[in-house]
């Protein structure tokens, strides 16, 4: 009798353990971040982790792809071998989306891309592929609006009084959809508002503050240094690097970024940065987790959420931030 009771207890424990393991596996989501030390992706990673805790019952297998697509490809293979029920992928190279989809598709695993848009063709190639991100055109237009607003309100910004903005532009990663589109539309929006522009320098800072500082330092050491009136940056990380360079040269120039990083907001409050565009990491993080969790459980991607899908894409809106509305965003 005693032996039977012991065996029953062991069997119950094994069954309970199996059920717990099964539950964990059912909610196991593999995540790859293109590189952990990117300013904005560091925020995104924290928001994803925070939302997973709020939702509950999720085990995140988080990976740093170290800005190498080959590493990310290997990470996806390992995640699939560990039995993840969904993938959340921040691509290193958007052109690699078909490779990731091929891996996920062979195991019938849903994949939610985020931050780097794989493009409609890639999403359309697999019925369980989704994208959470923004409309980069919107960020360029809003940044252009911010610059135009301050340019028109402050005639002193026109250093040579020619009615034209002489600008330099720090571009993100070449080929990255956000970098290409922000660069195009910020200038188009300025021109559409009747402001003439003249590009003095443009170069990639690869989203990186240190690289951006070096670029701006070179520009401020050139023969055109005194002609620069505005510094435009595809993200706040590079804007912070630009600010360091201007300080080193004893110059104060209007600098505009994108992301609304906490440190950028503080610098706007001090008058050291002119403006930024909120890239909403909180809502993007929530959408990534909520879609991935639903898909991992075999549910509709947006079931029980506020997100709207169009062609299996969720777009989170941008918001312009300057000294006039800064109080709405400072925590």
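The backbone N, Cα and C atoms fix where each Cβ goes, glycine too.
According to Swiss-Prot, the signal peptide annotation covers 1-24.
The Cβ of residue 176 (beta-D-glucose binding site) has 23 other Cβ atoms within 10 Å, all protein chains considered. Annotated beta-D-glucose binding site per Swiss-Prot: 38, 115, 176, 178, 182, 235, 259, 279, in sequence order.
For residue 259 (beta-D-glucose binding site), the Cβ neighbour count at a 10 Å cut-off comes to 27, with all displayed protein chains included. Taken from Swiss-Prot, the feature beta-D-galactose binding site covers 38, 115, 176, 178, 182, 235, 259, 279, and the record attributes it to similarity to another entry.
Per Swiss-Prot, Ca(2+) binding site is recorded for 158, 160, 162, 164, 166, 229. In the three-state DSSP scheme, residue 162 (Ca(2+) binding site) is classed as coil. Within 10 Å of the C-beta atom of residue 162 (Ca(2+) binding site) sit 11 other C-beta atoms, taking all shown protein chains into account.
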### residue 279 (beta-D-glucose binding site) - helix vs strand vs coil (DSSP)
coil
### Message
Can you tell me the CA-to-CA distance separating residue 158 (Ca(2+) binding site) and residue 115 (beta-D-glucose binding site), as a whole number of Å?
### Response
35
## Note on the structure
residue 178 (beta-D-glucose binding site), Cβ-centred 10 Å count of other Cβ atoms over all protein chains shown, is 26
### Task
Specify the count of other C-beta atoms within 10 Å of the C-beta of residue 164 (Ca(2+) binding site).
13
### Query
Which whole-number value in Å describes the distance between the Cα atoms of residue 182 (beta-D-glucose binding site) and residue 162 (Ca(2+) binding site)?
26
